[in-house]
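The structure under discussion appears below in the form of structure tokens.
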Amino acid sequence: MNIVVCIKQVPDTEAVIKIAGDGKSIDTGDIKWVMNPYDEFGVEEALRIVKDQGGEVTVIGAGPARVVEALRTALAMGADKAIHIKDDDLYGADPIAVAKMLAKAIEPLGADIIFFGQRAVDDDSGVVSSAVAELLGLPQLSVVTKVELADGKVKGTRPVEGQTLVLEAPLPVVISAQKGLNEPRYASLPGIMKAKKKPLETKAPADLGVERADAIEIAVLNPPPDRAPGKTVEGETPAELAANLAKLLKEEAKVI
Amino acid sequence: MAGVWIIAEQRDGEFRKITYEVASAAKKVADELGTEVTAVVLGSGMEGACADLGKFGVAKVLYGDGEAFAAYTTEAYTNACAALIKDGAPDVVLMGASMQGKDLGGRLAARLDTGIAVDCTALAVDGGKLKATRPMYAGKVYADVFINGTPQIASLRPNVFDISETGAQAAVESVAADAGEVKAVVAEVQAAEEGKIDLTEATVIVSGGRGMKDADNFKILEELAGKLNAAVGASRSAVDAGWRSHTDQVGQTGKVVTPNLYIACGISGAIQHLAGMGSSKVIVAINKDPDAPIHTKADYCVVGDLFDVVPELTKDI
């Protein structure tokens, strides 16, 4: 089984996001960068499948030089090799433009399964996996919490609003991973040592024959809308607190 | 034909609420652009229902009938929608940022070689172009984006755009819609637990955190939720402790929610959690620690022990 996992490097979810001086991007000065949490589920699932069925796991990440850290993390978890699409200006780019680069990098690898996280926790778009599936002419199983392989087919369990669907597709296939798929392993110390010697290839977008053309353009970033200061609900006893809250919700906020 | 198009969403032959939200938002955009709203409806045996979309501002419905469209699949919907869009050349295409819209949008944008703004919370027209506002970093910042390419595609976050009934009946035109080759099929549909409301669709959410102390204690939140017709959510620490399923998690690595009322019980308010529920319309915090960060986000702060306050509240509602 030949598996590719596309990973993105994102700010840690605890990061405080500040808008940069240009008003269109974020201030990256104090940010701690991590592998997108949803991508960890993809790496873990790929490693489990390869352990069971044999094969190889290749991780691909696009962005500036620091993205190598996220790729090394995946190698330390157990991936076999990595490809870095290096472009210093790529962070914050349009996801469809990034999908075009990833598709070109994936194409020659002959992958049976291509994993993604279901969305990146920075731009929150969640469209790269389906765009790559389209560009490669492959079926997609989006936002899955369970993957089963049998007879050259793959089944993916996908929770949607109020239902759970089991989707089935032939290989090759693009799968986007949702929390619940597995428990991602931590990189062990021997894993981290080994990762340093694993192959990591660097390509420029031009090597892939693509030019970046962003299809969305951020005009401005704004802080979240201000909320009016909160009101402390009065009351000496739990019963009074509850009664006063219920009254406020009914008569003032009118939400119940 | 041009104009503003929407991709309708149906389940078992009935339009979902998000379709009315998208139609209502589309009508406002179309009015500003001086054009009309056309809805693409794919389904099986739905001719009768289509004209009703007129109530929500849709002037015309393009209806594609076929067994292949009875239930949503990515490829059938992409193939049919892309062909209709290429033919009709709308300026703007809107859909819900539901599970369907999030799945379809990226594929459709790649097929049509255009841009998409996902999960938008506001739309405007600026210089003849659509300006879409979308939260990033789970709501830590909001971006105003313009979409290059034609059509300009955007998906709209559920439960944010008001439904407005303005029109009458829509003109319905049956169109030949081709599902094409479909490789990924629905093998099985498992119904969810009876009566359980999905967090992303809930108008009221009662959520519990570390302060719940164990899984059994969520019963008191279930009881309150039952009275309010609410969904029950959980913070990451409650999910990581194994008290609730990961599908109940609200936050940056869980679900980003926008209910009318969010009641946070025993939740301290880690930055990841605040990001996921911060755009709820009204927030209530019930936490005995007056310094808990959740109180800084809340509209109504109850400083008290949830184990005493929540059962009383259930009685009062």
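Here the Cβ of each residue, glycine as well, is placed from N, Cα and C on the backbone.
The model shown is predicted, which means the values in this text are computed figures rather than measured ones.
The FAD binding site annotation in TrEMBL covers B:ARG210, B:235-236, B:249-253, B:266-273, B:ASN287. The local packing around B:GLN249 (FAD binding site), expressed as other Cβ atoms within 10 Å of its Cβ over all shown chains, amounts to 26.
As annotated by TrEMBL, domain 'Electron transfer flavoprotein alpha/beta-subunit N-terminal' applies to B:4-194.
Counting only same-chain residues six or more apart in sequence, the Cβ atoms lying under 8 angstroms from the Cβ of B:HIS273 (FAD binding site) belong to B:GLY209, B:SER235, B:ARG236, B:VAL250, B:GLY251, B:GLN252, B:ILE267, B:ILE294.
Listed binding-site residues: B:ARG210, B:GLN252, B:ILE267. Those with a CB under 8 Å from a CB in chain A, in sequence order: B:GLN252.
Under DSSP, B:ILE267 (FAD binding site) is assigned to coil, being neither helix nor strand in the three-state scheme. Of the listed binding-site residues, namely B:ILE267, B:ALA270, the sparsest CB environment within 10 A is found at B:ALA270.
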